[in-house]
Amino acid sequence: MDHPEISAGWLSRLFYHWTGPLQRKGLTEPQVGLDDLYPLLPEDRRDGRADAFLQLTATQPVRPWPITAFIWRHYKGRIGLLTLLQLLGMLATLASPWLLNHSMTQLGAGAPTEQKLLLAFALFASVLAAGMLAEHSLQLALKMHVPIRRLLAEALLAKVMKLGGKSFDDRAGGRVQNLINRDVWDITWILADPAMPLTMALQLLGTIALLVWQVGSAGLVGFAVLTLLLLISTRVVRRMNQQEQQLKRQQDERNGILAEYIKKLRLVRQNGLGAFFTRAANAKRQQELGVLGRVLKLDAINDSLMLSTPLLVTLATFTTYLVSGQSLTLPQVFTTIALFAVLRIPMMRLPYLIRTLINFNTGFNRLCEFLNSPEQHRDLTDASLPVGSLRVDSVTALHQQKPVLQGASLIIQPGELVGITGPTGAGKSCLLHLIAGFDDSFEGEIRRHGRVAHLGHKPWLMNDTIRNNILFGQPWHGERYRWVLGACALGADLGLLSHGDQTLVGELGTRLSGGQQQRVALARALYAQADILLLDNPLSALDPIVSAQVLEQGLAFKPGPTRLLVSHDPDVLAHCDRVIRIEQGRLVELDARQLADLIQHPLPAPMVAPQEAEQFSEEKVVEGKVDWGLFGFMWQRLAAPGAILIALLLTLGQEGLRIASDLWLGGKAGLTEVSELLGIYVLLGAGSLICIMVVRVINYKLGLKLAWTLFDGMLSRISRAPMAFFDKVPQGRILNRFDRDLGEAQEILLSMLMGLFGMLISVLLQVVVIGVNMPLLLLIAPLVGWALYVLQRRYRAVQLKLRRQASVLRSPLYISISETIRGAPALRLAGAERFALDQVLLHYDNNLRSWYTTTSINRWLGMHQTLLSAVLVGAVALMVAFGNSSLLGAVAITYAFTASAMLNSLIRTFAEVEQVMNAVERVREYSEIESERQQGEALVTAHPGVRFDNLGLRYPEASQWALHKVNFELAPGEKVGVCGRTGAGKSSLLGVLQAMYPASQGEIYYGDQPLSRLAPEAVRDLYDTVSQTPLTFFGSLRANLAPLTEQDDEALELALARVGLAERCAGRLDEDLDKLQLSAGETQLLVIARILLSRRPLIVLDEATSDLDHGGMRKMAELLYRYRPEASYLVIAHHLEPLLSVDKVVVMEAGTVVEQGSPVSLLANSHSRFHQLFVGQVNRQVAQIN
């Protein structure tokens, strides 16, 4: 749709009446949707300037000044207009005190009626002009934010696409998020409004000149005191900025722990390590609160300085003036007070400006540092080679200063299917990464010609539909699309999914099974018609039937593209034209005899049950007004009624004493006895100052307490939420609650509430003073009250809904940025950088639309408040002009100025409080979600067996049983294997056993004790789990070995020695695990070492060997069975070998047990299901050898 501002008339644009339809919708509709947000203006959308800016930032080194010059040059028209409006607004602001003084000098002077009317109109016009110019200049500056923020964000994301290898690791993701969400914001404030420092300085100089005009050199004394207070405030702000930088780092670390916890939650719960992660998050939060406490303390000091400034400055000014032997006149008193009120605005903004300039400088340096990060410089393309050909010449690559590849050479012709094999950790994946160009840290030469597609073992998928993941931004070709679905055996899967190829795959494809993820990624590569396919174990998660189909139709078809295929599976390698084995870093081609010898040790392809890909739940937009129960929620979290009551009473006293001091000074104007005049004035001011300080201290203490209780309440619920919650809610949405929502609720809400109460009291007291002294003004009070009611009602209704919509829009942006960061190498290789950028920028534009819509509504409110304030000041001026009392007139006009300005802030602050309460609303939602039981029966016996008794499971909203009448036993010390075809129910069985999902029928007994009577955490504490993805986490090697118990160094080193890591990890127990840079095989051994240190009675091997070669499988089993012989083992496997070493095999089909017995006897029975699962594949491989 077109932006309504474009077609609006000049009057509508002047007062922002074009926002009316949205305001009416805010009043009548339960919520504001994405379609209701205003589109970006044509001049703010992407155009040629974006391409020119990307070209500028692509040249290295990137420096702040060229970027600044580019933006100012391309937007000089807007910046020039903005500067003009700000200068005119400054002049109008300075005119008001001058007119105020002039009007008070006419009181009782018998001035002509025409002059009085003219003065009243001039006061009305000056207030109106100053307000209108301020609102329009602010809106113009905020408009500038849209294109500038978009330019900077696009440049950052474009840079991400060029990073790889050592320049880009997991931690860079958090850095890019911070750059886009925080630093870009800080940079834009100065780039969009470069005239702000100049106009502020001019306003300061103009106000000082008027002060000197009023009270001579005493005005300079007042300004000197003001400057001193400002210098102190600036020092406090600078210190606070340093603490906030440290706070950001602490928050990043805390969010990193939470992100890892949520991402690995299933693995964490399988290993019973939830308590470790929550303890670590709480410990990091305590460190963060220590820094936050210092920030809040400094903020309280700064607030006290700013709020006490008017008292101290007026005291210094008037004391100096009176001590010099002069007497104060009424116009001098109240004009000086008005001038200091005008001066207070830029002086209060000055610390903010300094802080903004500091953040601008810091953010710009961080931005340039990132844009100057080293890129992938090697271009591996060699157009002289035939399309599809590949040359690897004497390539050496190092890991931990040890060669992974050493002098590796390889020549591949177009259309060849070449298998790559070798032991775990030999460098197979490393070779594919180098050929793909993901890492250029190697010696030697790699050359290739043609488009390249890489399919990693854990493929990267967008959080989009299956179809969009296959198309990947390419045009739709129906025939090719249907062929790809068939070649990748996806047709049957799509038929079973409720939404077909429109099914959302979830973050990183988590809503699909591992096999489905691999096949979707393979379909993408085939659809792109790449000339060279790099495939890393692409069939590892497929059952034998699907694996055979994909192998025949999707991988081994001829003629086809050039394919390098990493695999341990002899059935796959037998289809290859050639097989290359990596031995001690070198590439060795196997001859026919060597290949036959390799196939004599069959490793059947694994089987994984596909799952219905549930759709993520849409984030709920709360409807209606703010729930007043939120204040009850806050009251409970604070649990400090006495402190809150004292703070409210002191705020009332502060405002009362301030007004009393003004009235005292005005009433004693002309008095020559300085001690009498100043004594009471100082006493009243000191009382007000004490109230200010005590309130700020209370606010600081309460803020710190609220920060802890909100976090603790949310984390305790999230950590105990059922798995069904995480199945429906994406990670980015949860992190958004702990980041933006929690930050708003803990850092600014209490200050805003205290400020709101202070403004409300101030307005009421000033209205009472005006009304008592000039009863005629009460005649217009109902009209003013009705106008204010209409304004606040319309404004609050739409702003609250806009804020809620903005909160919902942030989560998709967080998710899309994270997703693009993780997939940058794959996107670059596929040439899909622009496609991915456009996807992220679509979410970014939605957030900008929400922000711009909000600012437009704010300007509507500001314009109408300005009009109301001007009318109020004009009416008061008229009544004063024709009145008799000089004092009452001076008080009325002065307070009309201040009260009208305070009314503007009051409505806006009240709306902002409501909007921030939306963050509290979202925090409360996650603080009250359904959670698992914390209490349960105590464990009766230490190590009995496990018995599955008529066990059944039906997932929520599912019509079919995932498990039905499952019965078998696991005796103490026994090893039981579980296997089955696609959809057999193995994963569901493990989910119930480890208390991930409650049983729908039947029971699991631990001895004679039902596990359902134990708390879920107690159930998980019975198991250690080794899964296909080994669980390691942040922290030291020591923490990863013994996360829940204290172990001495001797025990830890013994465990490392038993798994063969003693030399690798010698003397490094307290070193960060990331610095060790363990290989995949070494990481799996580290997990085994952790289990050797544990004394839990049950060990679950969940597809633990599917990524290992023959030797790796055998080594893992030997280690566990040798050093933990007392444990009971449940082995869920897709390979035959680990099942041959168990005491009993349980075969499952369609969620039930179809047979169980000794693996040897079942394998010998040609009619058994176990025999049919494995021996058929072995026979096919033997036949191929013969």
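Backbone N, Cα and C atoms are what each Cβ position is placed from, and that goes for glycine too.
All TrEMBL annotations are machine predictions without curation.
Marked as coiled coil by TrEMBL: 233-260. Model confidence over the coiled coil (233-260) stands at 82, taken as the mean pLDDT rounded to a whole number.
Residues or ranges marked as domain 'ABC transmembrane type-1' by TrEMBL: 81-359 (among others).
Here TrEMBL flags 390-609 (among others) as domain 'ABC transporter'.
Annotated domain 'ABC transmembrane type-1' per TrEMBL: 645-915 (among others), in sequence order.
The feature domain 'ABC transporter' is assigned by TrEMBL to 946-1175 (among others).
Within the chain, the transmembrane segment (79-100) has long-range Cβ neighbours (under 8 A, six or more residues past its boundaries) at 72, 119, 122-123, 126-127, 129-130, 133-134, 136-137, 140-141, 144, 193-196, 198-199, 202-203, 206-207, 210, 334-335, 338-339, 342, 893-894, 897. Taken from TrEMBL, the feature transmembrane segment applies to 79-100 (among others).
What TrEMBL records for 120-142 (among others) is transmembrane segment.
The feature transmembrane segment is assigned by TrEMBL to 211-232 (among others). Here the transmembrane segment (211-232) has long-range neighbours at 101, 305, 309, 312-314, 316-318, 320-321, 324, 332, 335-336, 339-340, 343, 347, 350-351, meaning same-chain residues at least 6 beyond its ends whose C-beta is under 8 angstroms from one of its own.
The transmembrane segment annotation in TrEMBL covers 304-323 (among others).
Residues annotated as transmembrane segment in TrEMBL: 329-347 (among others).
Marked as transmembrane segment by TrEMBL: 638-657 (among others).
As annotated by TrEMBL, transmembrane segment applies to 677-698 (among others).
Feature annotation from TrEMBL assigns transmembrane segment to 748-768 (among others). Among residues of the same chain six or more beyond the transmembrane segment (748-768), those with a C-beta under 8 A of the stretch's C-beta atoms are 299, 303, 634, 647-648, 651-652, 654-656, 658-659, 695, 699, 702-703, 706, 781, 895, 898-899, 902-903, 905-906, 909-910, 912-913, 916-917, 919-920.
Positions annotated as transmembrane segment by TrEMBL: 774-791 (among others).
According to TrEMBL, the transmembrane segment annotation covers 866-882 (among others).
Taken from TrEMBL, the feature transmembrane segment applies to 888-907 (among others).
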Exercise. By Cβ distance under 8 Å, which residues at least 6 away from the ends of the transmembrane segment (638-657) in the same chain are close to it?
Worked result: 684-685, 687-688, 691-692, 694-695, 698-699, 701-702, 705-706, 709, 754, 757-758, 761-762, 765
For this session: State the residues, same chain only, that lie 6 or more residues beyond the ends of the transmembrane segment (677-698) and have a CB under 8 A from a CB inside it; answer 'none' if no residue qualifies.
Result: 300-301, 303-304, 307-308, 311-312, 315, 318-319, 322, 643-644, 646-647, 650-651, 653-654, 657-658, 660-661, 664-665, 668, 671, 754
For this session: State the residues, same chain only, that lie 6 or more residues beyond the ends of the transmembrane segment (120-142) and have a CB under 8 A from a CB inside it; answer 'none' if no residue qualifies.
Result: 14, 78, 81-82, 85-86, 88-89, 92-93, 95-96, 99-100, 103, 192-193, 196, 852, 855-856, 859, 862-863, 865-867, 869-871, 873-874, 877-878, 881, 893, 897, 900
